[in-house]
Amino acid sequence: MSNQDAPVVRDPENDANGTAPVVRTEQQRNLESWLPITASRKAKWWYSAFHNVTAMVGAGVLGLPFAMSQLGWIPGILAIFFSWLITLYSLWQLVELHEIVPGRRFDRYHELGQHAFGKKRGYWIVMPQQLIVQVASDIVYMVTGGKSLKKFFDLVFPSLSTIRQTYFILFFAGLQFLISQTPNFNSLKGVSLLAAVMSVSYSMIAFVTSMIRGSEHHPNTYGVRSDTIAGMVFDVFNGLGTIAFAFAGHSVVLEIQATIPSSPGKPSSKPMWLGVVAAYAIVAFCYFSVAISGFWAFGDLVEDDILVSLEKPVWLIAVANLMVFFHVLGSYQIFAMPVFDMIESNLVQNLHFTPGRPLRLIGRSSYVAPLYNMAYAMPAKDVELPLDCMLDFNHRRRLDNDPCTYRRSTPNYSICQKLRILFLVVIDSVGTPEEKGSPLLSCF
């Protein structure tokens, strides 16, 4: 039976006012009920809370004390506060736009783009940009997972320090092959909750340990890192970029909200917004506590990964690195799920595959495997540079003497941050590439 001949039915869930039903074929309804974004709409408000925490609170929080050292006390705190406020406002707009048209839910970014710019143009404006964000983020997460796990073993089992990092990346990829078979976004709630707990936990390790170290000895004066005008300018842009990176996660907001049930009397925006507020309260606590305590403890001598500055106790730093590993394990899936949705939708609609477990296995494995190959194929220096530009993870002081690194990475942050503020929804999915994806490209 062709799409034209298939029986047409109303979609009562998306008929928000009872007078403007969304008309879909039975085949389309069956596909929507199987695709990972829309298969389950039983999420609670607290699901959206830890999904947003997982997507936002990442390794970038560990670089906030370094950003403070580049900006100074007052500018640094103001930059973090206004970034928090602006991204919260733009996220509120996304939540409200999810059901702005009566009878419709914009479950995916490209659907909102199609509504704004037209079916074909909107799809090709939004889809490539979101895809770049998701794929680049997952590559960085895969390398970060391997690096943090290796760091854990190096600290706890020094005799195993000769094991190459690529084997740890391979182990991370193997776990992703298994977790990727999770049927839908809502089924990730356990993985996402674990990742959220881990991100908050290593943030608290950084906070408490910094307070202890600072109480023993902390600087009497707090200046900025550079003594020259040019250095200060580069530091300001780099610090703002580090802060911008820390406020990521907008590229999956619509997909997260798609998992929440909605009805005319109880729209999904209410529980989603409640979850967002809870998530942003956690974000504010983690970010301000780590940024202020780290800068207070070490001043302008702080490394741009606060864990490197702390160093001791070794066992606690090892635990923090293991927590980073578990966090990116879940973050990878949060950012991969919209890509899985695109892959499976195209395989069914364009190549006429039958929805089911074999398709899920083939489609999702075909995404994880090439990403591992990319992470594996990158030379060690090329892997470390994007992570230093992007994640501020295991930073080496050599970057302080490399103006090219600042010159290449800084403009991406400022331009994309302005686009996020100006274009809000559609270009908001570009707001995260500067935070996660574009440095992966611009640093080469």
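Glycine residues also receive a Cβ, built from the backbone N, Cα and C atoms like all the rest.
Given the structure is predicted, the values throughout are model-derived calculations rather than measurements.
The region 'Disordered' annotation in TrEMBL covers 1-21. The domain 'Amino acid transporter transmembrane' annotation in TrEMBL covers 42-379. Under the heading transmembrane segment, TrEMBL lists 45-67, 73-95, 122-143, 155-179, 191-212, 232-253, 273-298, 314-335.
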Top stretch by Cβ pairs under 8 Å to the transmembrane segment (45-67) (candidates 73-95, 155-179, 191-212, 273-298) is 273-298
Would the transmembrane segment (191-212) count as touching the transmembrane segment (273-298), if touching means at least three Cβ pairs under 8 Å and pairs must be 6 or more apart in sequence? yes
Top stretch by Cβ pairs under 8 Å to the transmembrane segment (232-253) (candidates 73-95, 155-179, 314-335) is 73-95
Does the chain bring the transmembrane segment (155-179) near the transmembrane segment (73-95), so that three or more CB pairs sit under 8 Å (pairs 6 or more apart in sequence)? no
With the greatest number of Cβ pairs under 8 Å to the transmembrane segment (73-95), the stretch among 122-143, 273-298, 314-335 is 273-298
